[in-house]
Amino acid sequence: VRFPEDLEDDNTTFNPEYSHQVFGDDEVAFGYKGLKILLYYIAGNLSTLFRIEYTSKVNEKFDCVEADDVESKIREIIPPGFCTNTDDFVSLLEKEVNFKPFGMLLHTYSVHNEEAGEDITYQIYKADMTCPGFREYHERLQTFLMWFIETASFIDVDDERWNYFLVFEKYNKDGATLFATVGYVTVYNYYVYPDKTRPRVSQMLILPPFQGEGHGAQLLETVHRYYMSSPTVLDITAEDPSENYVKLRDFVLVKLCQDLLCFSPGKLMRGFSEEMVMEAQQKLKINKQHTRRVYEILRLRATDMGDAEQSRSYRLDVKRRLIGPYKKKQRELAKMRRCLRPEELTNQLNLIELNMQHEQLEESFQQLVSDYRRVLERLAQA
């Protein structure tokens with residue numbers, strides 16, 4: 001909500017992708033007809049208005065069943081101090097002009113908005129819990145995780161090893177410049193013996209009204225550039241990355257790596273090398289596994305897939321990596337044959353897939369190439 005009229009505007013409304021973490025696996029609130037759970041957030045500081053509406057509700061006295069306590073379930077995830085009536089919320093909205101982003105400005109960029117017919121400016125900040133007011137703001141911000149990340153959990157903000165990177169949109173209201181929350185990412189700095197850290201991306205969310213505009217890529221690239229300059233950082237990883245995050249990371253890392261000498265077309269055609277691993281880690285804080293994906297994407301760009309020899313060479317190179325885990329399983333199976341009785345071995349055979357069939361390998365390869373081509377298409381448009 002930026003203006004009072006947004007409260008009645010369906011265009012500013014968006015629905016949760018998930019509600020199982022609040023309402024159970026069936027995602028059902030029992031005992032109501034026409035139930036609406038309404039959560040409004042002021043665009044910048046995320047002050048919250050919470051209301052419940054329904055046309056009727058089961059009655060324990062007459063229906064012998066009790067309706068779910070929806071209010072208590074929501075109160076468990078939104079911090080205290082929220083509004084319950086519109087007038088209080090609108091009066092807070094008038095003070096929004098005083099809200100400013102937290103922490104240190106790292107990056108400013110603009111995105112052309114077709115609807116508005118102009119470029120809109122965005123800024124990325126790095127914050128921590130020492131910033132005045134940030135702790136309370138973060139409590140409100142993290143409530144979105146429950147609705148938009150499938151396995152979300154709230155983090156321990158008293159642990160000083162967390163870093164927070166936030167995206168804000170700059171907009172004008174009555175001649176003043178205001179800021180709207182776009183999204184954020186949390187990063188945990190793990191200790192690596194003897195004197196290094198390994199930042200690990202934990203939770204990343206771009207709010208639904210801003211998705212598909214490139215903010216995730218801007219945010220992740222800014223995070224990488226922030227840590228790249230630090231001699232104590234070993235490499236940057238991610239905790240249980242989703243499929244969408246992996247695609248985003250592929251794009252950002254390829255964009256960062258494409259100008260490194262070790263990824264020149266001539267070197268790409270000679271195969272994956274230790275030089276690539278070393279340079280990507282030292283200069284860009286990218287680990288070996290991610291560097292290998294970057295190599296495969298950039299080699300695909302340098303390969304003429306219409307040329308039978310080049311195409312065959314690329315195919316074999318990628319498939320050798322894809323088949324690696326299955327060869328490991330075969331080695332484990334060979335050990336079992338030496339150690340287990342026949343009936344035990346039969347049980348194990350049911351659990352372990354002996355071979356990766358040719359069709360499966362080809363299917364995995366084609367899917368990978370399809371994903372890589374999308375990364376290259378996006379890179380060509382960037």
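Cβ from N, Cα, C; glycine included.
Cross-referencing 71-98, 267-294, 351-378 with TrEMBL places the feature coiled coil at 351-378.
Geometry remark: Glu239 (active site, proton donor/acceptor) versus Trp162 (site 'Interaction with histone H4 N-terminus'), CA distance 14 Å. In the predicted structure, the coiled coil (351-378) carries a mean pLDDT of 82.
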